[in-house]
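Notes for the one structure printed next.
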Amino acid sequence: MTIQQPITAPVPQETAPAEAPAKLTPMMEQYLDIKAAHPGLMLFYRMGDFYELFFEDAEVASKALGIVLTKRGKHQGQDIPMCGVPVERSEDYLHRLIAQGIRVAVCEQMEDPAAARARGNKSVVKRGVVRVVTPGTLTEDNLLDARANNYLLAIARSRGSSGGDRLGLAWIDISTSDFIVTECAFAELTATLARINPNEVIISDALYSDEVFEPVLRELAAVTPLTRDVFDGATAERRLCDYFAVATMDGLAVLSRLETTAAAACVTYVERTQVGQRPPLAPPAREATGSTMAIDPATRANLELTRTLAGERRGSLLDAIDCTVTSAGSRLLAQRLAAPLTEPAQIGRRLDAVNVFVADSAAREDIRAILRGAPDMTRAMARLSVGRGGPRDLAALRDGILAADQALGRLSALDQPPQEIAAAMAALARPARALAEELSRALDEQLPLIKRDGGFVRSGYDSTLDETRNLRDASRLVVASMQARYADQTGVKALKIRHNNVLGYFVEVTAQHGDKLMSAPLNATFIHRQTLAGQVRFTTSELGEIEAKIANAGERALNLELEIFDRLCGQALAIGDDLRAAAHGFAMLDVATALAKLAVDDNYIRPEVDGSLGFAIEGGRHPVVEQALKREGQPFIANSCDLSPTPGHKSGQLWLLTGPNMAGKSTFLRQNALIALLAQIGSFVPATRARIGIVDRLFSRVGAADDLARGRSTFMVEMVETAAILNQAGERALVILDEIGRGTATFDGLSIAWAAIEHLHESNRCRTLFATHYHELTALAAKLPRLFNATVRVKEWHGDVVFLHEVLPGSADRSYGIQVAKLAGLPPAVISRAKSVLAKLEAADRGQNARALVDDLPLFAVPSRAAPEPAMSKEAEELIAAVKALHPDEMTPREAMDALYALKAKLPKG
């Protein structure tokens, strides 16, 4: 967790120092005033082409960015630390600071330095903070992950009468205008936050100081405590109404008091960080409780839904299924994966859309080709709405509207499109085509990234602009002809007319010709301005007049372009809701066609999803592992699983899975959880048939990891996660558990696993997959009617184990741990000793005195040299000799079969 700590500038002390300190410059006084008005923020203070940082800000930035720390002047007798970053590269530095949880106030020059000089020598350029950059309020492309939402989330609390807190949550993405609210109990908060995955969380300072919330806050990326007035429920509705410019919220959304408070906190924080600007947001959409599958953070991490355990996207489930071709589509797919649906009808509508594009490959590929040309309109709109957009953002809107026309034309050929596709088509039809036509006429072919320097309006669009540009360009041609005339007049062929920001236009000659221009009669025309080491510079009254004309024409042309930009921007923002709807339509089509491509390429089938407690998967495969094996040219062994209620029982089954390590137990557990999850996001699934009754909660206890920061051992983490499952899982949950109890003594672990199985069977009564190495547990099938024993098939060959990865009814009689250890490369001496110990343990009576067993098998009886090979029997020697005498390459199939039977006959009987 990153907590926003205040970054402060020193305050002048009232007591005078021993020696008079250097007086602060007017500029530094201005800096300290602005800094004091923005506590807790790093201040980027604009000075010309740089953002300067001073005092503690400079020290923090120097370390965070790896830039040189220097000094500028003194304060209270001490050097003032200083560093700076160039304005043109500032967004790169902002990205690095934001990634470290540092919030930044950007302070710009609000006037031209010439205006300050005109007021007097001691006047300072007017400056002001124009925005506050925080992790949850970003809009720039290079500060955002194009494939992920960037959520700001607010939490409001209400004390329950029975002691149970209720929480209101509101989360927004100002880069896409998304705005969602919900309520939850404190016990549900961790799972809800894991699903939303906010980039920044704002809470009241009272909530921040509450010890009960400390474990929750620790798991969050960035937490910003705010004063209580931001979470004032009495003013919340008024603040929301002000933001949306309505008299009442009733026409936009019906929210609870807690939801209203959290939503108001969000918009208040946005207004503060955007310095009074109000990015357009969708009306708050209320998320119904229980409408999505609940998945706790541990399960999300263990199943590697969006990130692997190493924190990488590559190798996750999202990476495996993401075939989208647009950023908006990728974001929507990630949203769906984070929140699988629990309503069969909604799931069915999504599956219908995917099915259309599975069946019609031509339509699928045509739509995907169109989508590749559809830009990210929502984020372009967000930048334009807060004054950070450029000409390319306007072009994105133009191209998006044109792509919408293309998509509609192709989709119109579909016969009775399903509801999801029909909704996307309706959204694509909303934006007025007149805007695209206007933008096409106005924008040039080659567009600059920013509007500041102009050059983006097409010639012929505005006659006044064309005339002004002609005047500007003609004046520059006059300068070129003037240079030729001055060269003839002076006889100095090397004479040049140049320009810089200090002198403006000037005549430049080499030093050897300088005296000539400063002597009569040329000195009447050429006025000396500057002498350098090798050049002398002059001006003329004629050149001054031309410069004024060029400057005026250039400035006027730029102002005209900026006026045109603002007008076009206003036209776009006026239909912002329609443009955002079209962008969402693109995203819906992208997800549907992407999942269809995945289904066709990887042979997925449409699942049957209903309200039963069924769970029958035939030929199921792990979507991520299968792709990894495919890249290596290896097949994936499919397996079936049926946790559906058996005849005479209402609740689902509990499968007890035994088998050796590396046989595929964990893969089998995970693949069934992932298939259920894919089905409920509306995707086809990797199986030959799948019937899944809605899963309302998904739990997993797989893998092993400690939590040293919270003082938890690996076993403690395992027990905490198991406790959550046993306390929370209901009949409609799906639970996967892998080797419960392995982190402690054998009999302790066996006892815990035994009791957990009984509790899951009798109390939770949920559909469960339970993998274990405790073979004694398989005996529970005799007394627990819904427990089914399954095992992963293996085969031994000459002392080695061959993993067949097939799940079959039955139970394993051994774990093959020593064979797996041998495969891992343990020294032969250790393997030999392990076999010897295992033989004695298996022969020993488990009830015998422990001391006697330890005496028989001392823990540290490690041989000082390699263990001797066991003596070989005469029969074994004869078998080896017979095998060595065979030459398979020279034998016919019949001869090989006869030889095999002959060898078998030599084996000892019994």
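Quick reminder: no glycine exception, Cβ is built from N, Cα and C everywhere.
In this structure, PRO660 (ATP binding site) belongs to neither helix nor strand by DSSP; it is coil. Annotation source Swiss-Prot lists ATP binding site at GLY659, PRO660, ASN661, MET662, ALA663, GLY664, LYS665, SER666.
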**Fill in**
For ASN661 (ATP binding site), the nonlocal same-chain Cβ neighbours (under 8 Å, six or more residues apart) come out as HIS773, SER815, TYR816, GLY817, VAL820
**Message:** Counting across all protein chains present, how many other Cβ atoms fall within 10 Å of the Cβ of SER666 (ATP binding site)?
**Reply:** 19
**Asked** What are the non-local neighbours of GLY664 (ATP binding site), defined as same-chain residues 6+ apart in sequence with CB under 8 A from its CB?
**Response** ILE637, VAL792, PHE803, HIS805, VAL807
**Asked** When neighbour density is defined as the number of other C-beta atoms within 10 angstroms of a residue's C-beta, which of the binding-site residues GLY659, PRO660 has the lowest density?
**Response** PRO660
**Request:** Could you tally the C-beta atoms, other than its own, that fall within 10 angstroms of the C-beta of MET662 (ATP binding site)?
**Result:** 18
